[in-house]
Structures are given as C-alpha cells and as structure tokens.
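Asks: My structure is below; once you've seen it, I'll send some questions.
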Amino acid sequence: MKPYLKEHEWSIIEEGFDPDKHEISESIFSIGNGHMGQRANFEETYTGSSLQGSYMAGVYYPDKTRVGWWKNGYPEYFAKVLNSTNWIGLRIVIDGEDLDLNEAKVSEFVRELNMREGYLQRTFKAELREGKEIKVKATRFVSIVQKEIGAIKYDITPLNFDGTLEVTSYLDGDIKNKDANYDEKFWDPVATSLSKDRASVTVKTKKLNFHFCSTMETQLYRNDQKLDVDGVGSEEVKYAGITYKAPLVKNEATTIYKYAANVTNRDHDEQQLETVSSKSLDGAVKKGFEQLKEEQASAWKQKWLDSDIVIEGDISAQQGIRFNIYQLNQTYSGEDARLNIGPKGFTGEKYGGSTYWDTEAYCLPFYLATSEERIPRNLLIYRYNHLEKARENAKKLGFEKGALYPMVTMNGEESHNEWEITFEEIHRNGAIAYGIYNYVNYTGDKSYLGEYGIEVLAEISRFWEERVNFVPQKNVYMMLGVTGPNEYENNVHNNWYTNRIATWTLEYTLYVLDFLKDTDPDLYAQWIEKLDLKEEEMKKWVDIIDKMYYPEDKEQGVFLQQDGFLDKELLPVSKLDSKHLPLNQNWSWDRILRSCFIKQADVLQGLYFLNHEFDIETKKRNFDFYEPMTVHESSLSPCVHSILACELGYKEKAYEMYLRTARLDLDNYNNDTEDGCHTTSMAGTWMSVVQGFGGMKISNDQLILNPFIPGQWKSFSFKVLFRGARLMIHVDQEEVTITNETDIASDIVIHSDKIYLKGNDQITVTH
Ligand code: BGC
C-alpha cells in the first residue's frame, strides 16, 4: 500500500478521509496509558467499516478453545483481552440528522496523533444532507497521570446555518470481541445508573468475574460559558446515555466535554466500583480538560526525556522511531506486575493481548534502558508469580518436575493450542531465564537472584534436564521433537538454538547457585532446602552441559538449525520469484516446512543472545549462511539481523534490515495493520538503533558502545539510563558525544577505549 501518512517529527498525521484506510488508522492512532487503551474510533456514529476497540489492561476472557482435532494437553481456553465498554461515544444529531462520516461529504479531514504531548486530534468539515456545513475538532486522550481517566473535547461549529444540536453522550457495555471463537458476547450486565450529568455502566465477564465500571460526565459550553441544558437520560441493558439539546449558532463553536473514569475490580473492591469511579471522575472534572491535558503533556515530556531517539536528516525515520517509542510507553508502564505486553498492545485483538516470549526476548531491553529499575523488574516478577502455573503446565504435559512457561498466557496458564507451538516451541523457557540474566547484567541488581531469580532458573533447568534424552551409543544428550524460533520448521530434532539456550540455562543456574553460596551462604542453604536441590541433580546438569549434542557443519563452520537442515534444498530467497512472497500467504504449509526458508532469526537468535561467546568469524559465517535464506515473515526477525549486521560491519544490510520494521505499521508494510500495531516488534526496532547502530552492550558492569551511523543520516542520538546515570549518546558521521545528564559518574567503553565520564559532563571522541 502506498504510504498515506504525512511525515512529521513529532506527530502522525493523516490528511483527507479514506474509509478504506480507516481501520488501519484506527490501529495507528490508538491511545493508551498502560491501564487502558482505545483504538482511534470516531466518537460520533460511523456506519462504515470499523473495529470498535476499547481495552482494559489485564481484563481478559477464557474463550473456549476452538480446534478441529483435540490433542491431550491442549488448554481448555484461549485467553483474550476484552473489548470493553465504549466510553467515547457521542451521538451527534444536527437538525434531526445523524452525523456520520460514512454518509456526509467530508472535507479538510486531518487526524493527528500528537506523540510529544500524548493526545489524538481530528478536525474536519462535513456537509450534511441539505447542504448544511459544520466544522468539527475532536481531541481526546487517556491520562498517563490519572490512569483511570479518559477525556474528550468535541467542538462543533455550524458554518452556514443556525440549528439545533442533539448530542447523546453514552456508555455502551454491550460489546463483542471481533475474535470471539463462538460469536458469543463475554459481558453480562451488572448495573446502570443515571443522574443529572452523569451516567454509569457496570458490566461483568461471564467467566472469571471481572467487573468493569465506567462513569461519565458530560458538559456543554459555548464561548467559554457552560450551557445550562438539562439532559434526558436513557438506560438499556449494559447501556446508559444522556441526551442534551442546544441551539447551534452560525460560526460559533459549541463544545462538548466528556470525561470518563474506567475502573475494574482488579484494582478496587467490586462493590465499590461505582463510588470509586465517581470519585475519580470528580477529581478530573474539577481539574477540567485543559488542565488534564497540560498534565498529560508534562508527563509525556518526562517520558521523552528518558527515552527519546533523535534522528537528524531523515524525517521519515525520525517519525518511525518516535512512533515505536510512543507505542511502547503507552502500552506498558510497569507499575503493575500483573500486567505484561501483548504483541499488539492495546491496538487490536489479534494474539489475544497475551504475553509471549516477545517480552523477554525483545521488549525487556527497551524498558531496561529507558525506565527506572522497578519497571523491568516487574516484568520479571510477572513470570515469578506465574511459576506455580508453569510447574503445573510441565506436570500436565507429563513431566515429573520443573517448570515450562507457556507460549501464550494471561495468567500463567497456557492458552495456545497449536501442537507444534504449545508443546514444541519450548525455547521460550530459555528466553525467560535469559531475561533474568539480561536484567541483572544491565542493572547490576544481583539481589534479584537470591530473592526470586534462582527459583525460576532452577525450575527451568529441571525442565531441560527432563526434556533432553541421553543417547548412550553416541554418549550425547539430544532434544527431539521441537520447534525453534523459526516456526517454518516443526517437530525437528536438535534445534541448535533450543539445545544451546537449554545448556546455557543450566550453566547460568549453576553460576547463580555458586554466586549465592559465596555471597550469602545462609540464603543459599535456604534455597537448597526449599528447592530440595540435590548434589546429584546439579551433577546431572553438568553432565548435560558437557555432553549436549549441537548439530554443526564443521566444514562450512556453521551451526545447523536442526539435524536435517542440510538435507534440504538450500536456496537464497533472492532466487524466488517475488510472486511467492510472503510465503505464508502463497505456499501450502507442507511446502513451507520442507523448504529451507526461515521465518525469523533462529541460530542467529542464539548468536545475538549469547553474543559474547562467539568470535566475529563464527558470527559472520553463520550470518552469511542463514540470512540469505530468511524471509523475515515475523516482524521480530529483522532487528536481530540488523544488530548482527552492524557488528559485522555490513552497513547496507544493517540499514536495510532496520528499514523493514522501522515503519512497519506506519507504512502498513505487512498489510495487516488494521488488526493492530506490531507493538512487541517496535521494541526490536528500538534495539536496532541502540544495540545495532549504537553498538550498546553491557559487559562486566560497563556500558560498551560501538556506534556507527548509516550514511543516510546526518546524526542520531539516544538516551539510556544506566546504573543511575542518564546518558545521551549523540553520533554523527565524524564523532560520538556522550552527555551525562545526571550527577552520577559512569564508566564507558567507546570503540574499545575506556572512558570515565563524570556527572553532568560531556565527552567527544572521533570515530
Ligand atoms: C512469531 C513468534 C512470536 C509471535 C507473537 C509469531 O509470528 O513467530 O516468535 O512470539 O508471533 O509476536
């Protein structure tokens, strides 16, 4: 599709209304605050195609599994983030005619997502049936300061007539998920209430007893004067609305302010929801729209201070990266360890809003480098809190001990049901262990290991111990019947990545046990007892480490993705006619599985994670071997390739890979943005800039930078929070300048030179 959004450094802008692109824009212009999210649906009636979407973090539904052929071990349900009460609704009727952009003649339509200040704005002119023209300006945001508050300002100006406005401000809880497996509605009514300017709707889920209450207040103004209009309330099941009538005066704006407080029994007592939301609403209404909006802008200013990336000389790249950072910040804010990051964030229903290995493998580095320690720590605590369920999951699949974390989850239980993924894509367990390493390596917070980390590591290690099998005639351990990160091969034996991440987990667990023994023998003893960890077991881990089998082609010097990889016909993607691509839309699954083509980084994922273990020549040989066969049909793929390409000095390739995800949603590159944005892969794009072009790594408690700048850019700069210091790294074609924006000194290695950077100091080196 031809890009249709205007380039701008700080905003996403759509000029002109095209109903065919509306659902794509609904995803792109979504707003969120970690507590709730809202697609960019219109406030007023819209009869064209649209996915109404309003999501509350952590409110999900166990939708009964839909599957053709049941396999033992499948979960009973697929957890889905719930499409919830529509709180933005404003039905606008002008002289008896419904404003509907699907019917009216629309001109001067501009939609803007202002990322600097965190709001969505839409302006347009509409010509109604009898030639009556109006101008509308609608602004809304969900507050990142008061997480339960959403606010709307909706101005209507008649341009060539005096008339009557009838506006019904409503809450509609009778909402259905588009992706419901059996076309069911998931919400039951609880209560509705109406008072003069307020209405409230409480609904609850049919299962799991989630209660959600939305309370709204609406006010009408003209020329800064509040209009004294009495509303007429109407209630239906799961619905409450208040209708106001007011005269419309030619060339004068009538403003509708709508405030909503959205609360759930995840945070409050179920019996008190209406009271709590009403109280929260009082505060918001008292402040008023403009003050709430100012608070929003200053809170976003702080977010940008910690996480902005500036790219000079390429507006399109600048817009792309800021969009990604914006989406990540509005999806997960890290205060609540019960929450996580769905692959689509709050922008759509696909992937059910559930947690995947994407979090540890791709998102964690972003939050590590751009937010306070407690925020990425909460991502780890989330998995810690799911440990019991992961143990149960392992038992359910027939393991005697250990923990297998789910591939897809809301509450720790597996909710995915494709056998080749649910049962076989066990490498996810390794990513969860790696997340612990990554967190400790980055933050230096070793206390995490003794407090929580060791329990998770030991239980994952036990899983690997049982999952491998010893082959006496070869004196090796193997891992049979798995799916690696490359989902275009299933049920393979000895996926190199899975074998290696398994032994790496064992090594790291043993290292952590040693560390605890040395530093806190009492704590060590407590864990040994609690985990009932025997010397024998640890010896077994060492034996597995020593005797694990890794498929390799010694002649070519490459690790083999799996035992049978060299039996395939090996072809580069460049040899395929482009009509075959993407393979997942053009080829049968059988053909994909037999082919050599790779969906996403697999062996290379291992070389990326365990980067320090391999020399540059090994990385180069493997990259040269695998990248040409990779179709990157997961949006998580290009970033890993881009980072490795940077390290290998493949500048063109690095930039090419970076471009594949930098504007994935803004340019609807995969033709699927209407389903929602690729939020978790946005973190990968951030990694491409910081770890790829910036060459940032952490080793031995030091920040290491190896920056290189794509020829297309004049300069780029990024921020990282590292051990209390906030550093701004600015890279241009000649130099690298690091500014320490805090009082805390930092040791840094740039292009192999060790530098001590004092607080509030700056240093420049040439490169
Ligand atoms: C990828 C997985 C990923 C999932 C959710 C799939 O297409 O292959 O690695 O976890 O999408 O993003």
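Glycine is no exception: its Cβ is also placed from the backbone N, Cα and C atoms.
Bear in mind that TrEMBL entries carry predicted annotations, made automatically and left uncurated.
Annotation source TrEMBL lists active site, proton donor at Glu487. Annotated substrate binding site per TrEMBL: Trp357, Asp358, Lys599, Gln600, in sequence order. Here TrEMBL flags 13-266 as domain 'Glycoside hydrolase family 65 N-terminal'. Here TrEMBL flags 322-687 as domain 'Glycoside hydrolase family 65 central catalytic'. The domain 'Glycoside hydrolase family 65 C-terminal' annotation in TrEMBL covers 696-748.
Relative to the rest of the structure, where do these features sit?
Replies: Around Glu487 (active site, proton donor), taking its Cβ as the centre, 21 other Cβ atoms fall within 10 Å, counting all chains.
For Trp357 (substrate binding site), applying a Cβ distance below 8 Å and a minimum sequence separation of six or more within one chain yields Met407, His427, Arg428, Ala431, Ile432. DSSP classifies Trp357 (substrate binding site) as coil under the three-state reduction.
If you take every residue in the domain 'Glycoside hydrolase family 65 central catalytic' (322-687) and average the pLDDT, you get 97.
Taken through DSSP, the domain 'Glycoside hydrolase family 65 C-terminal' (696-748) splits into 0 helix, 32 strand, 21 coil.
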Asks: Across the record's substrate-binding residues Trp357, Asp358, Lys599, Gln600, the largest CA-CA distance in angstrom?
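Replies: Result: 16 Å between the two most distant Cα atoms.
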Asks: Take the C-alpha atoms of Lys599 (substrate binding site) and Glu487 (active site, proton donor) and report the distance between them in angstrom, rounded.
Replies: 6
Asks: Under 8 Å Cβ-Cβ from Gln600 (substrate binding site), six or more apart in the same chain: what's there?
Replies: Pro485, Asn486, Glu487, Thr630, His632, Glu633, Ser634, Leu636, Ser637, Val640
Asks: With the substrate site defined by Trp357, Asp358, Lys599, Gln600, which remaining residues of that chain have Cβ atoms positioned within 8 Å of the Cβ centroid?
Replies: Tyr356, Ala361, Pro485, Glu487, Ala601, Ser634, Leu636, Ser637
Asks: What are the non-local neighbours of Asp358 (substrate binding site), defined as same-chain residues 6+ apart in sequence with CB under 8 A from its CB?
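Replies: In sequence order, the residues whose Cβ lies under 8 Å from that of Asp358 (substrate binding site) (at least 6 apart) are Ile341, Pro343, Leu636, Thr680, Ser681, Ala683.
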Asks: Report, as a single number, how many Cβ atoms besides its own are within 10 Å of the Cβ of Lys599 (substrate binding site).
Replies: 22
